[in-house]
Amino acid sequence: MRTTRRVFLKSAATVAATGLVAPSIIRPASAQAGGTIRIGMVLPVTGPGADAGRFALNGAKIALEAVNKAGGVLGKPMELITEDDQTTNPGAVLAFSKLASQPDLVAFLGSIRSTQNHAMAPDILKTGKPVAFGGTDPVLTQLGNPWLFRFRPNDSFSARVIAEYGVSNLGKKKWAIIHSTDAFGTSGAKALTEALGKAGATVALDQGYTNQSQDFTPVVLAIRQSGADVIGSYFTFENDLGIFARQLRQLGVQAPWVGSPSIVNVTALKLAGPSLYGTYGVADYAEESSNVARDFGKAYRAVMKLPPDNQSSWTFDAVTVLAKAINAAGKTDPKAIREALLAVRGHEGAEGTYNFDQNGDGLHGYNVVRNDKGNIVFDKRIDFYKA
Amino acid sequence: MDLILQLLFTGIGIGAVYALVALGFVLIFRATNVVNFAQGEFSMVAAFLMVVFAVDLQWPYWLSFLLAIGGMALLGALFNLGVYYPLRHRTYLPVIISTIGASIFLANTTLALYGPQPQVLPPVFETQGFLIGPVFLDTQYLLIIAVTAVLVAFQYWFFEHTLIGKKLQATSQDKEMAALLGIPVAGMIMLTFVYSAVLGGIAGILVAPVLFVSIQMGATIALKAFAATIIGGFGDVTGAIIGGLALGIIETFGAAYVSVPYKDAFAFIVLVAFLALRPQGIFGERIAEKA
């Protein structure tokens with residue numbers, strides 16, 4: 001029987017709803033190999049990203065169960081081997097090294113954090129096996145590293161969408177850009193500055209901050225003094241975003257705010273609450289953007305009792321597409337899997353339609369969503385893919 | 001001018017939190033001659049206890065607060081018995097390493113018990129704040145400043161005007177002499193740990209509505225409080241308060257007028273400057289005298 005996307009997702013939902021997400025197929029790195037196709041996953045179990053790691057693992061587990069229910073990979077069950085990256089760059093490198101030392105692992109899931117993927121990139125090149133990752137720094141797929149495959153749209157797209165929506169839809173031309181000073185935030189801000197220049201807007205303030213800041217009063221006062229009429233942001237951690245959002249409103253800044261995907265993350269919505277009402281976000285995952293996204297949302301809610309966000313949707317897509325590519329390759333040879341991944345066209349995932357380019361970028365557009373009193377409402381999708 | 005006043009208010013508010021945690025550092029240092037690197041985790045544990053009682057179980061705020069503080073007193077006692085007491089006759093190094101180990105243990109135990117998701121603790125007051133002219137006064141920061149002032153006053157009265165406070169001071173100055181005079185040294189040190197855990201806990205509960213409740217919150221605050229303690233003078237209560245407030249104000253103004261990304265660097269530049277030029281801090285006794 002041909003496994004259609006709907007059948008696949010329905011089986012995922014059924015498996016999740018009946019509570020059959022079996023922990024036995026998720027093993028720590030010390031576990032022994034069996035008659036399975038094994039993929040490794042680097043994820044934060046401890047440190048400030050541990051929350052995101054839990055979401056990422058659940059997205060991957062839902063896909064894994066569906067893959068195995070639909071017959072597995074090359075006739076064998078697929079198995080996920082996890083390793084804690086401690087939400088640090090050295091932790092990520094160590095975690096990847098531990099996984100890479102196991103020769104039977106055929107592919108890997110990397111980090112959602114660009115900075116960690118940068119740290120792991122040299123080892124990934126040495127290992128010579130495909131790594132699916134979620135970091136959005138555009139540079140990552142321009143490093144000449146043939147083993148990196150991105151399962152989220154990169155920041156050159158998010159910046160273009162933020163700029164286009166803010167300038168065309170909101171009619172705002174004087175921008176304040178607030179961003180983390182890590183790799184993700186810096187590259188996002190740079191891309192947004194370029195996109196705004198092309199859109200004919202000006203940057204009144206380009207303000208970086210270090211992660212885990214406890215106070216944003218100086219940043220908010222700088223926005224107020226800059227006279228900006230709209231804010232674009234690249235926040236890495238939700239607690240930073242939450243503190244900034246609250247202080248922004250407390251200090252009387254009511255300018256519209258179009259943020260990178262973290263602005264619609266479940267944790268950010270919980271922490272910031274009403275401070276984020278009325279804001280806009282570019283979201284790679286928007287539940288109402290497609291049938292696949294809706295079905296994934298249903299499956300995820302059945303397991304987590306929470307709405308999903310991009311932390312889980314990219315790992316869901318990564319496991320699904322890796323399984324599809326290994327099946328298409330017909331073997332676990334890394335080069336064959338790489339070729340199969342590059343050949344993926346028109347795969348409908350929870351994050352959007354995957355069409356891998358030669359750099360390893362699978363997605364080429366973003367959804368724009370609005371925070372309507374805590375509910376994330378899909379507005380439009382802006383996609384730049386040209387076949 | 002309104003910009004300066006706004007920054008000053010925020011700086012004092014943040015500085016007051018550093019000061020509260022720094023007080024805990026100072027008290028334990030005075031009593032045991034070691035730095036308790038788990039002081040920040042006391043703040044984190046208390047904040048999570050508040051989330052459990054006030055948010056998850058929805059018990060009244062005042063009751064949750066009392067239970068959380070009671071829990072911290074118990075934790076302080078257990079900390080003394082498990083982390084300090086067995087090593088009390090060793091040099092300072094094993095005790096410091098023991099407190100670092102306890103810090104990691106507390107953080108990871110909380111992570112295992114509660115999970116990694118940051119939590120929201122509602123503020124005491126429903127009103128977020130109010131404007132005085134162009135300056136927004138956050139009610140939670142006002143509360144933090146007020147509670148710090150009250151605790152400092154209480155601490156002064158307790159140490160200077162009560163017998164038990166004087167016994168604590170005697171213990172911290174010379175344990176052997178205090179024992180010869182019949183002061184129960186072990187009991188005094190136990191009391192110090194309990195009080196320090198409660199102080200750290202109060203700081204954590206106060207700051208939780210501002211910074212959210214997360215596993216990392218303790219480490220973030222403690223690092224700055226540690227710097228504040230050195231700036232003020234290790235072992236000096238007034239120094240901890242002045243050091244904390246100074247640090248809060250320096251980093252807030254530094255961020256506003258020099259560079260936001262280098263905000264944390266200002267605190268540590270001042271720290272390094274003090275270590276190089278005046279290692280005993282603003283109010284600390286001279287090292288030669290201490291030796």
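Every residue, even glycine, has its Cβ placed from backbone N, Cα and C.
Keep in mind that what you see is a predicted model, and the values were worked out from it rather than measured.
Residues or ranges marked as transmembrane segment by TrEMBL: B:6-29 (among others). Tertiary proximity for the transmembrane segment (B:6-29) is limited to same-chain residues at least six positions away from its ends with a CB under 8 Å from its CB atoms, namely 35-36, 39-40, 42-43, 134-138, 141-142, 144-145, 147-148, 151-152, 155, 192-193, 195-197, 199-200, 202-203, 206-207, 221-222, 224-226, 228-229, 232, 234-237, 239-241, 243-253, 256.
What TrEMBL records for B:36-55 (among others) is transmembrane segment. Beyond the ends of the transmembrane segment (B:36-55), by six or more residues, the same chain brings 21, 24-25, 28-29, 61, 63-65, 67-69, 71-72, 75-76, 79, 83, 96, 99-100, 102-103, 106-107, 110, 114, 119-122, 196-197, 199-205, 207-208, 213-223, 225 to within a C-beta distance below 8 angstroms of the stretch.
Sequence annotations record features per position, and here TrEMBL assigns transmembrane segment to B:61-85 (among others).
As annotated by TrEMBL, transmembrane segment applies to B:92-114 (among others).
Marked as transmembrane segment by TrEMBL: B:141-159 (among others).
Per TrEMBL, the feature transmembrane segment maps to B:179-198 (among others).
For the transmembrane segment (B:204-227), the residues of the chain that approach it from at least six positions outside its boundaries are 17-22, 24-25, 35, 37, 39-48, 50-51, 65, 68, 103, 106-107, 110-111, 116, 118-124, 138, 140-141, 143-144, 147, 243-244, 247, 251, 267-268, 270-271, judged by C-beta separation under 8 angstroms. What TrEMBL lists as transmembrane segment is B:204-227 (among others).
Tertiary neighbourhood of the transmembrane segment (B:239-259): same-chain residues 3, 7-8, 10-23, 25-26, 148, 152, 224-225, 227-233, 266-267, 270, 281-284, selected by CB-CB distance under 8 Å and a gap of 6+ residues from either end. Annotation source TrEMBL lists transmembrane segment at B:239-259 (among others).
Feature annotation from TrEMBL assigns transmembrane segment to B:265-283 (among others). Note on the transmembrane segment (B:265-283): residues 224, 227, 229-234, 236, 238-239, 242-243, 246-247, 250-251, 254-255, 258, 290 of its chain, located 6 or more positions outside it, place their CB under 8 angstroms from a CB of the stretch.
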Legend entry - Close approaches to the transmembrane segment (B:92-114) from elsewhere in its chain (Cβ under 8 angstroms; 6 or more beyond its ends): 32-38, 40-41, 44-45, 48, 51-52, 79, 82-84, 215, 218-219
